[in-house]
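Undergrad: Pasting a structure here, questions to come.
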Amino acid sequence: MVLMMGVPQHFALSTARDYWQLLKPRIMYLVVFTASTGMIMAPGTIHPLIGLVSALCIAMGSGAAGALNMWFDSDIDAVMSRTKTRPIPSGRISRAQALECGLALSLLSVFIMSLTVNYVSAILLACSIAFYAVVYTMVLKRRTPQNIVIGGIAGAFPPVIGWTSVTGIPSIESLLLFMIIFLWTPPHFWALSLLNRDEYKLAGIPMLSVYSVQSTKNHIMGYSLLLFIVALLPGLYVAETVLYEIIATSLGAVFLTHAYCLLKEVGEPSPKACMGLFSFSIYYLFLIFSAIALCS
């Protein structure tokens, strides 16, 4: 069977899968989920169709940032075993195609958001894309050990965008959601970077773990403590305060336990401790935002 003017079907499907991988779909799912929590927590109502369009625009914006990140970092991705099978270093998509895809989705997502939702949400979406693709990827990532801290701002935008899709303006509540993701990001990524620090060093990426294992552990513990505290604050604004505080305290205690176990290890960080924290942090973010949505 032949599709698309003589292009074989298996090739067309392969290309579609490659472009999908270019958009970093796992990050996209998380972004849409946290943005949806912002919409649910926000006071007032939003037309279901407008809410759907907003979520799709946020997903497109996330994919656009992912594509631009892979375009710029293709040289690094080719060196690291964790990323060398990505579409560009494996030769399945060219750098030019990735750039075109990223730019097109960036413009389209912001334009549709401004046209159908509101200008504030569109501006925040544009800032999120620019912060990840330009400030983090092009400026910070190869220059400072604090790259993931400052770069985490980009990933913290979605719940604020979701909130403003409903209200038209950010608020303290939406900024608390922002801070949860901002404080969650460093422990999440640093836990994994402890296992991959040799590859980061080879690729020339100045991750904190490349400079000091102990400092990385200390930073992870510090951010985990701050996350524990800040994650309790949405309880001041949700309808089911007691239930939320019980959930947030329980999740935070497990997170801190993983961080403490990693901190107290002597010598080389073990895969068990690093992956234990990294894996639980994914569940933590999903569960804490689920709790916020359910208790609102």
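Yeah, the Cβs are placed from backbone N, Cα and C, and that goes for glycine too.
This is the feature table in Swiss-Prot:
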- 27-47: transmembrane segment (TRANSMEM)
- 48-68: transmembrane segment (TRANSMEM)
- 98-118: transmembrane segment (TRANSMEM)
- 120-140: transmembrane segment (TRANSMEM)
- 148-168: transmembrane segment (TRANSMEM)
- 175-195: transmembrane segment (TRANSMEM)
- 219-239: transmembrane segment (TRANSMEM)
- 242-262: transmembrane segment (TRANSMEM)
- 274-294: transmembrane segment (TRANSMEM)
Undergrad: Under 8 angstroms for C-beta pairs, at least 3 of them, ignoring pairs fewer than 6 apart in sequence. Is the transmembrane segment (148-168) in contact with the transmembrane segment (48-68) by that rule?
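TA: Per Cβ check, the transmembrane segment (148-168) touches the transmembrane segment (48-68).
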Undergrad: Which sequence positions outside the transmembrane segment (242-262), separated from its termini by at least 6 residues, show Cβ-Cβ distances below 8 Å to it?
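TA: Distant contacts of the transmembrane segment (242-262): 187, 191, 194, 217, 220-221, 224-225, 227-228, 231-232, 234-235, 269, 273-274, 276-277, 280-281, 284, 287-288, 291-292, 295.
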Undergrad: Thinking of Cβ pairs under 8 Å, which stretch from 27-47, 48-68, 175-195 has the most of them with the transmembrane segment (120-140)?
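TA: Of the candidates 27-47, 48-68, 175-195, 48-68 scores highest.
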Undergrad: Quickly jot the same-chain residues contacting the transmembrane segment (27-47) by Cβ under 8 Å, restricted to those at least six beyond its ends, or write none.
TA: 54-55, 58-59, 62-63, 66, 155, 158-163, 165-167, 173-174, 177, 181, 234, 237-238, 285-286, 289-290, 292-293, 296
Undergrad: Residues sitting near the transmembrane segment (175-195): Cβ under 8 Å, six or more positions beyond its termini, same chain?
TA: 34, 37-38, 41, 148-149, 151-153, 155-160, 163, 207-209, 213, 216-217, 219-220, 223-224, 226-227, 230-231, 233-234, 237, 255, 259, 262, 269, 271, 274-275, 277-278, 281-282, 284-285, 288-289, 292
